[in-house]
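Participant: After the structure tokens below, expect a handful of questions from me.
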Amino acid sequence: MNKDKINYKSSVTLIEFLYLVIYSSFIFLFSYWAFENFSITISAEYGSIIFPWIITSLVFSIIGFIAIYKTPLSDVAIWFVLVSYLFMFGHVFLKAFDLHTSLAWNPGMFFHPNDKFRGSVYALLGLNYISLGNFLNNSFSRENFSFHGSDIELTNNNINNNMFKVGWIIFIIGLFCSLLNSYIVVTSTFRAGSYTAYAEAAGATGVLDDFAYLIIPGSTFILCSRKYKLNSARIFTSLISFLFLVIMVFSGSRKTQLFSILTILICYRWVYGKHKIKLSTIISSSILGFLFLNLIYIIREYRTNLSMVLPSFIKSVIHLDFLREIFGETFAETGLSLYSVVSIVKYVPSVFHFEKGLTFVRSILAILPLGGFFPTFFRNGFSTALINKYTGIPVGSSLIGDFYWNFGIIGAIVFCLIFGIILSKVGNMKYKGNYQEPLYFSFLFVIFICIRAGLMDITRPLAIMTLIPLLIKNLLIRYSKNRSI
């Protein structure tokens, strides 16, 4: 740990106190309004009612993260909260800004405006309480971290050779499983010519799919070991990102690959980047970001004919077609996630009982290979397998939705507050040095997945990405000690 870079606060600063008072007052006001209007009948577009609250909440969160707490761009909380606004309220933004989309699939048509209103109100409550929990812990935590990962000089004293070895071992395991898994998936989808074969192929790979996740901690361990100089690290990061990009193009799958690329790029910037971002970096990153969003849109449009993805992408870049469409298509695509929350709020507890924490139990037990012995027990922990099957509407799942499914709106809000505190504590891992630093980025990846997945989807990947690296680390240390005797 870099103790010389840690300040210890004796009390909450005045500006933090004032911000917390104002933000808490706003949240309590919104909570009162939400509970007063939760059961009202909506005859018009629900977005016009909730939109002012969304914008105000978003502004408060941005002010808190950037102006008050000066949260670094590598922090898990800022990514989870701000990206969740995009995924939860993309369709509200689409309507509010009068944007257009070619996306034909709109689950919103299957839900009454009342259902969408209640789902969006609960989602916004959840995000506000997550932000509040994060800010409260940041304010009352005695440790005040004031350094960046790139502040650590790339000298021999700061190179962790054991971490580098651990990284390469799990990276090779993850790369082998990822390539084999990707080969099975890509050949299946490409042979079929569409994304429709992806789910079946991906579900059949089993253990390969689980251990393919090791490529993430493998990459972050290698980068955080600081063994590579800047140019070598840049090449390594580019190659890994390109690998995920190729898998994305040829399989039609985007979520895991997108979050994998983001995680590795954030890790690279934490270790090798700088505090202050140059204007040239902002411009180049913006251009690459727009191109990446355009690629995601193209993949969506040609999922039934994957061979057309690359030609269509090149054509859209040459003619700059994507500049007219990118925001509307992005909001339309990401905003589908809200309906996973809407369906849970609508059918729990009217059709399905509250889980009362059982999903947490199922998810912990799911780490073990017990699914073949108790298939129904584990399958019922997935809202996609239970609620979505009942509705016939494939809208995915989300962590916020699972909170409601287990504890109802009051209990879910409490858990959102606790989750915000947990995010703050997880965010501090990157400052602790040693093995907590690369493990932090494994947590970051899993938190990304939480935006579009439930508890049952994340526990086994989290266990694999944290426990296996630590196991290999301890084995290497023991081996080194035995050799020195």
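Cβ coordinates are placed from backbone N, Cα and C, and glycine is handled just like the others.
Pulled these from TrEMBL:
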| type | residues | note |
| --- | --- | --- |
| TRANSMEM | 12-34 | transmembrane segment |
| TRANSMEM | 46-69 | transmembrane segment |
| TRANSMEM | 76-97 | transmembrane segment |
| TRANSMEM | 117-136 | transmembrane segment |
| TRANSMEM | 166-186 | transmembrane segment |
| TRANSMEM | 206-224 | transmembrane segment |
| TRANSMEM | 231-250 | transmembrane segment |
| TRANSMEM | 256-272 | transmembrane segment |
| TRANSMEM | 279-299 | transmembrane segment |
| TRANSMEM | 360-378 | transmembrane segment |
| TRANSMEM | 403-426 | transmembrane segment |
| TRANSMEM | 438-455 | transmembrane segment |
Participant: Same chain, outside the transmembrane segment (206-224) by at least 6, Cβ under 8 Å from its Cβ: which residues?
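Facilitator: Those are 149, 160, 163-164, 166-175, 177-178, 180-182, 184, 233, 236-237, 240, 260, 263-264, 267-268, 271-272, 437-439, 441-442, 445, 460-461, 464-466, 468-469, in sequence order.
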Participant: With pairs restricted to those 6 or more apart in sequence, evaluate whether the transmembrane segment (438-455) and the transmembrane segment (117-136) have 3+ C-beta pairs under 8 Å.
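Facilitator: By the criterion, they do not touch.
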Participant: Near the transmembrane segment (256-272), which residues from the same chain, at least 6 beyond its ends, have a CB less than 8 A from one of its CBs?
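Facilitator: Those are 72-74, 79, 148-150, 215-216, 219-220, 223-224, 226, 230, 233-234, 237, 240-241, 244-245, 247-248, 296, 430, 438, 441, 444-445, 448-449, in sequence order.
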Participant: Assess whether the transmembrane segment (117-136) lies in contact with the transmembrane segment (12-34), where contact requires at least three Cβ pairs under 8 Å among residues 6 or more apart in sequence.
Facilitator: yes
Participant: Please report, as numbers and ranges, the same-chain residues at least 6 past the borders of the transmembrane segment (76-97) whose CB is under 8 Å from any CB of it.
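Facilitator: 45, 47-48, 50-51, 54, 58, 61-62, 65, 108, 120, 123-124, 127, 130-131, 134, 262, 266, 327-328, 330-338, 341, 398, 400, 420, 423-424, 426-427, 440, 443-444, 447-448, 450-452.
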